[in-house]
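Data block below; observations after.
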Ligand SMILES: Cc1cc2nc3c(=O)[nH]c(=O)nc-3n(C[C@H](O)[C@H](O)[C@H](O)COP(=O)(O)OP(=O)(O)OC[C@H]3O[C@@H](n4cnc5c(N)ncnc54)[C@H](O)[C@@H]3O)c2cc1C
């Protein structure tokens, strides 16, 4: 029986949304192909996450527990993933395409002798593994194929929807020892500085309110923050809004920023330049607010509101508050 393995990064005591999305898709493929569905968690207390994986129908969970896995460092994560790979012997290993995964994917492929299909927006397994990969700032979709096995595939967030299985499973738990000497570390993580704007993590957010150059001052910024607060949304920004000094660079969405695919993306005063769209085109519903009816963002928007954001946002916030109060 072949094994399909998913890497499950964790955040704030639970598997990330992106990981559960990939796991859900791999479960569909595993059930169709009669393959074993395995997941792996790297964490000093990895057992804590087994419970959260049961509803997703996993047959096996590989755990790597080591204090060095407390925070992402390339060398131990690479060693741990390679150890799990050797233990599980999967034909396919799927990983969410996070910054950390991008750092190690190529090295992991080389270490375990696998092909790699990085940063894809869809994939399937037939006689070979085939995938669709957005390239050239998502202007072109490339069909790619791995002609050898095993295959590593990293998947963009928002491609699939995370859904529990029809019935939960009681997975076999396999502990994989990590033989890693921390004295060999060439890099250490000294401090993690968390952005202060917005309470919700951009890459995990289900709703994003993104500000562009149309948000031109502190009053506009406060409206964006208020709307985000009412919706429980994360805040993002275009490069122009960041260059204007209103938002920190960590919030940039686009070709040279974060790639996001939330359920709802509200673009406020953003023109829709190709470099911005590259980072958000995968959003399920896009609402654009722009005073220029010819702004390119309206070409990809699900709903468009033509008007001045300084008038529209207060109305929107008021209406959301009213609906929340009624329900
Ligand atoms: C190599 C490269 C990489 C890049 N990477 C990125 C990237 O990762 N992310 C990114 O975002 N950009 C990136 N850019 C920049 C990109 O080309 C655009 O310049 C940028 O996205 C424009 O941001 P914007 O839409 O906020 O600003 P603008 O293009 O200036 O648009 C502002 C919009 O706000 C509207 N507006 C103004 N006032 C109001 C109002 N009161 N109410 C409603 N609407 C209003 C205007 O009609 C306009 O459409 C990159 C560029 C290059 C060359």
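Placed from the backbone N, Cα and C atoms, the Cβ positions cover glycine too.
The FAD binding site annotation in TrEMBL covers 213, 238-239, 252-256, 269-276, 290. Annotation comment: TrEMBL describes 8-189 as domain 'Electron transfer flavoprotein alpha/beta-subunit N-terminal'.
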**Prompt:** Out of 252, 255, which has the highest number of nearby Cβ atoms, where nearby means within 10 Å of its Cβ, if these are the binding-site residues?
**Reply:** 252
**Item:** Three-state secondary structure, residue 276 (FAD binding site) (per DSSP)
**Value:** helix
**Asked** For residue 252 (FAD binding site), what is the secondary structure by DSSP, using just helix, strand and coil?
**Response** strand
**Asked** Of 270, 273, which of the binding-site residues has the most Cβ neighbours inside 10 Å?
**Response** 270
**Prompt:** Whose Cβ, among the binding-site residues 213, 276, has more other Cβ atoms within 10 Å than any of the rest?
**Reply:** 276
